[in-house]
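As recorded in TrEMBL, the features of this protein are as follows:
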BINDING   334-338, His397, Arg441, 492-496, 521-526  ATP binding site
COMPBIAS  38-76  compositional bias 'Pro residues'
COMPBIAS  96-121  compositional bias 'Pro residues'
COMPBIAS  147-157  compositional bias 'Low complexity'
DOMAIN    218-303  domain 'Phosphagen kinase N-terminal'
DOMAIN    331-568  domain 'Phosphagen kinase C-terminal'
REGION    27-168  region 'Disordered'
Amino acid sequence: MFALWYLTFAVDEIRKRLAWLFSSNKPAAPALDNKPADPAPAKVPTPAPAPPKESPPAKEPAPAAKPAPKPEPSKPAPVVAKPSSPPTPPKEEAPAPKPAPQPTPAPVVAPPKPATPPKPASPAKATDKMPIPLPKSLTEANTNGENGAPTNGSAANGSGGNVDERLLAGHQPNKPLAQVKDATQDFIKGETNAFIQSIKEAQLLGELKQDTMVDAAVLAKLEEGYAKLAASDSKSLLKKYLTKEVFDNLKNKVTPTFKSTLLDVIQSGLENHDSGVGIYAPDAEAYTVFADLFDPIIEDYHGGFKKTDKHPASNFGDVATFGNVDPTNEYVISTRVRCGRSMQGYPFNPCLTEAQYKEMEGKVSSTLSGLEGELKGKFYPLTGMEKAVQQQLIDDHFLFKEGDRFLQTANACRYWPSGRGIYHNDAKTFLVWCNEEDHLRIISMQQGGDLGQIYKRLVTAVNEIEKRVPFSHDDRLGFLTFCPTNLGTTIRASVHIKVPKLASNKAKLEEVAAKYNLQVRGTRGEHTEAEGGVYDISNKRRMGLTEFDAVKEMYDGITELIKLEKSL
Ligand code: ADP
Ligand code: CIR
């Protein structure tokens, strides 16, 4: 009887200590904006690359299977031989070079229910998390029939069952008392401590693995990609700022929640040496964890926004200020102002599940269906859209293109076209893109140069949408986006313009544009050529100034370019 009581006591004691062990080392999840609301500790298991039928059409072939699937955290490098990596809790010392961006939710009138975070694996019981090496007394003794291992209990026969079952196997009713006593003696002699010690060791191994949990295959890809980029004549900001020192400092780091690696950040630029920039943030924490790379690129792109700078508060200014940028209607064909937004509670493209894409599409579509007046329109999912309709929308500059290799190699086109779509009013002067590069792109555009009218429409729309959807915003970085070039105001105000004299020398056009902080793109947007002498010229920087000032920068710059064109 005593033996039985003692055994029960010992089992209880072990349970308590196990509970302590698995709770005492859990660090608080670091602050970030677009991590799941529920601090699910594990990274979203990276879904396999989209199967061929989900890939963009052959016309603009995806680099099939090229976008490296995100490293699968449940299959870590064999850096540590045993146990296989459990879904690990976020680590506090996770390499945050500076305080994580503190999210400041946009003002919300009626916040929707927070998004359900991806739940890759159920982090149920501690014993489910980590295969625990058991001390001899709990393995050999119980597996070889000694110590009264039951003859008929499969759960307790040593090869199956969990720790509790194995322990409880010690007091099977048909067990001879002497053998029970032996088992009891084992505990008394300190097997309990050995058992706990072995768990501690296992946990330590797990933690070491977190520090170096970048998969060996990922590291190999990084090294190979880095060597190729370093030897290339790439003009990308990635090449400019990914020095050997920065590379070595960042290559083993992962973001705390989604376990995104440096490869997730730079693979687009490694694959596309003709990138202008070459990096993306797979999740919001990447801006902090990989700050040694993001900060100088942000500073360079956004005209001097330093790592110590703070983006100003959102300010759309007086929308009645702007007039027509080309009153005589000679140069400007059309004008467009867009901004990007990320929905709180969802990570960026590479970490989204297909279910989340669909959920977000549903939210965007139903939210926009409440818009009235000039903003009233309809949501058109890409799934099921006729190819001819899609192509016409692209040709008319209303819809995002398909098969962008920069996005594909950033792992941003998974499950395409799931969750992607476009909302627009009848006149197609107000449009919203859903889940292309960013969760939302809010666009106002029309023929001619009436920037005032276009800007006013955009500001009205953004305010209306922000009343209904909470967006990811960071105190220092402003509105959070997938690409660092879009942070801050996220504003790109552009004209489609013909300036034939200036454009007779493209290099000269770019030089003059740069003088006014303007960026020149081709007719079909980024990475395209001008068709029929039509250029897309817009403000370049979006951080460190207000929305109003970003648009004004375009207005003033285009006014100067037109003056110059007239003078030639
Ligand atoms: P984004 O502006 O969203 O960063 P892109 O550079 O790819 O993305 O441009 C998206 C689309 O918007 C392209 O079809 C481009 O031609 C179109 N576009 C940009 N500016 C204008 C404009 N001023 N008038 C008409 N279409 C425009
Ligand atoms: C590139 O690096 O060229 C692409 N990843 C796009 C970067 C965004 N470009 C920009 O100027 N806004």
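Here the Cβ of each residue, glycine as well, is placed from N, Cα and C on the backbone.
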Discussion item. Return the count of C-beta atoms lying within 10 angstroms of the C-beta of Val337 (ATP binding site), excluding that atom itself.
Written reply: 26
Worksheet item: Does DSSP give Val337 (ATP binding site) helix, strand or coil?
Response: strand
Worksheet, complete the sentence: What remains of the binding-site residues Ser334, Val337, Ser494, Arg524 after requiring a CB under 6 angstroms from ligand 1 is Ser334, Ser494, Arg524
Response to the item:
Densest Cβ environment (other Cβ within 10 Å) across the binding-site residues Ser334, Ser494 belongs to Ser494
Fill in: Three-state composition of the domain 'Phosphagen kinase N-terminal' (218-303), taking helix and strand from DSSP
51 helix, 2 strand, 33 coil
Discussion item. Taking every protein chain in this structure into account, which of the binding-site residues Arg441, Arg521, Arg524 has the most other Cβ atoms within 10 Å of its Cβ?
Written reply: Arg441
